[in-house]
Amino acid sequence: MNSTLAILAILDGISYAALVFLVSVGLSLIFGVLRVVNVAHGSLYAFGAYLAATFSLAIAPISPWLTYPALLAASIVIGVVCGGFIERFLLRPLSGQEDVLQLLITFAAFMIMDNLQRLIWGVQPIFAAEPLRLLPNIAVFGVSYTSYQVILLPGVALATLFGLRYFLRRTLSGAVILAVTEDREASTAIGIDAKRVYFVTFVIGASLAALGGALASPTTSLVPGMGADMIVLSFAVAATAGLGQIEGTALTALMIGLTRAFVIYLQPEFEVLVPYLLMVLVLLVRPFGLFGAVQVRKI
Amino acid sequence: MTAMLDFENVNVAIADAPVLRSVSFSLPPGATAALIGRNGAGKTTTVRTIMGFTKASGTVRLSGQDLGHVPPHRRPFLGIGYAPEDRRLFSAFTVEENILLPGRVAKLGADEARRRLERTYSVLPELKELADRPAGSVSGGQGKMVALGRALMLGTRLVILDEPFQGLAPVLAQRYAEALRRLRSQDRDITLLITESNPKLLETFADVTLTIERGEIESRVLA
């Protein structure tokens, strides 16, 4: 592998890791607080991507620069509407019942959303690359790369990481979420409305998944099935890190993103296999993930 | 005079097995009540019913207000503080953050929160030295003190302590009892409800003793 390909692999890996982190950290946050593995998370990613593309295509003729707020708006709309609906009307009625029911209901939501997606946006690929084209290419060690992927995406991922850290550790809302994560009943006994915390957390997690999809939309063609691919991958990242671990998810996303990128250049037939191989290897040695701990729930 | 706490024909069943059977009792404001019973007699279920953590029939009132219409997370704002049997501190925070969190949730003003924190430290002076320690690193006995301190932040009318002496070394139990005496001497109006399996531990302290057996209040003794 020559140095140009190595730099390309690193840039590809960082860009991909940023998207995977956004989706995985939402999944991890939801699991950390609600103890629900949200199978519909991939659908939220896909809906975020499709709605962002719809908004972008509609607003670009007015001003191409408005496509950036359109990406953000799409994420928030999907997070609040779809995420809010799933938590309030599908998960909350099952509160206190067996965990497997919550897993099954999110699987049902995934199936319904997958079909809704085909119904609303059809099965033909959709392209909405305006936000990608607006930003210039930059040279990294002599290799030209889009600044959207190498600066904007990692920038948003880092802002999300530090923003989440600040939110959880420095604000009252974050403290309340941490308290409910640790002990729902003890939280209620000091006046915390755990149901509201669950709702807000789910909406934040869903918005992060949709943000990942929205930011990915200019870089790829949108096709049915993209949500299924992402839920499997983001689950692999979250499980490898240890479910509920925010910083660990960031490092694991970077590790898996870089490994995958190098494999694509060196042995492309193993691209799909690598993240899951890493997950299996890690879980065999550390069943609670690289950064997870026994009986300790962290977010 | 309106009772501070009033149970009227309260029944609780868990998985169809009755745990509380027609429990009725009243505590006047300022009472120090001991709820005595063996393990499994229904003490913890009684206090969890006050907090809204069980599905109960019958009526529970605080100062005449029917708690059946108050969601569990709103009950602490009525002036109820609760220290559960197993402490249940939030290990993500320091000791002082644990004590202050209920006040932050209740959106107490800074001055009021500071006043209540000082009140807590005056009742439990040893907590001041532990203030910056992570709550997960304190000993079991110290954790009981922190749980009491946290309960005092919102517990301005009724403070519920579930088996506070269980597992405490004699020296720590002595200190805990002294803290309760300081609390009682500083605040005559506050009502204390303390559950305990050993009746001797609270006999000199409580002015009302309720004995519970198999989910039924067997006797009421006024000191």
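From the backbone N, Cα and C atoms, a Cβ is placed for every residue, glycine too.
Annotations in TrEMBL come from automatic prediction, not curation.
TrEMBL lists A:6-32 (among others) with the feature transmembrane segment. Same-chain residues lying 6 or more positions outside the transmembrane segment (A:6-32) and placing a CB less than 8 Å from one of its CB atoms are 38, 41-42, 44-45, 140-143, 145, 149-150, 153-154, 156-157, 160-161, 164, 181, 201-202, 204-209, 211-213, 215-216, 219, 230-231, 233-235, 237-238, 241, 243-246, 249-250, 252-254, 256-262, 264-265, 297-299.
Long-range neighbours of the transmembrane segment (A:44-62) within the same chain, counting only residues 6 or more positions beyond its ends whose Cβ lies under 8 Å from a Cβ of the stretch, are 23, 26, 70-71, 73-75, 77-79, 82-83, 113-114, 117, 120-121, 126-128, 130-131, 206, 209-218, 222, 226-227, 230-231, 234. Here TrEMBL flags A:44-62 (among others) as transmembrane segment.
Taking Cβ pairs closer than 8 Å, the transmembrane segment (A:68-91) reaches residues 34, 36, 38, 40, 43-44, 47-48, 51-52, 54-56, 58-59, 102, 105-106, 108-109, 113, 131, 198-199, 202-211, 213-215, 217-218 in its own chain, all 6 or more past its ends. Annotated transmembrane segment per TrEMBL: A:68-91 (among others), in sequence order.
The transmembrane segment annotation in TrEMBL covers A:103-127 (among others). Listed by sequence, the residues of this chain that lie at least six past the ends of the transmembrane segment (A:103-127) yet keep a Cβ under 8 A from its Cβ atoms are 36-44, 46-47, 50, 53-54, 82, 86, 90-91, 94, 221-225, 227-228, 231.
According to TrEMBL, the transmembrane segment annotation covers A:147-168 (among others).
As annotated by TrEMBL, transmembrane segment applies to A:197-216 (among others).
Remote same-chain residues near the transmembrane segment (A:273-294) are listed as 232-233, 236-237, 239-245, 247-248, 251-252, 255-256, 259-260, 263 (criterion: CB distance under 8 Å, separation of at least six residues from the stretch ends). Annotation source TrEMBL lists transmembrane segment at A:273-294 (among others).
Sequence-distant contacts of the transmembrane segment (A:197-216) (same chain, six or more residues past either end, CB-CB distance under 8 Å): 18-20, 22-23, 25-27, 29-30, 33-34, 38, 41-42, 44-52, 71-72, 74-80, 82-84, 86-88, 91-92, 152-153, 156, 160, 173, 176-177, 180, 187, 226-227, 230, 234. Through the fold, the transmembrane segment (A:147-168) approaches residues 11, 14-15, 17-19, 21-22, 25, 29, 131-132, 134-138, 140, 174-175, 177-178, 208, 211, 215, 218-219, 246-247, 250, 253, 299 of its own chain, all at least 6 residues removed from its boundaries and within a Cβ separation under 8 Å.
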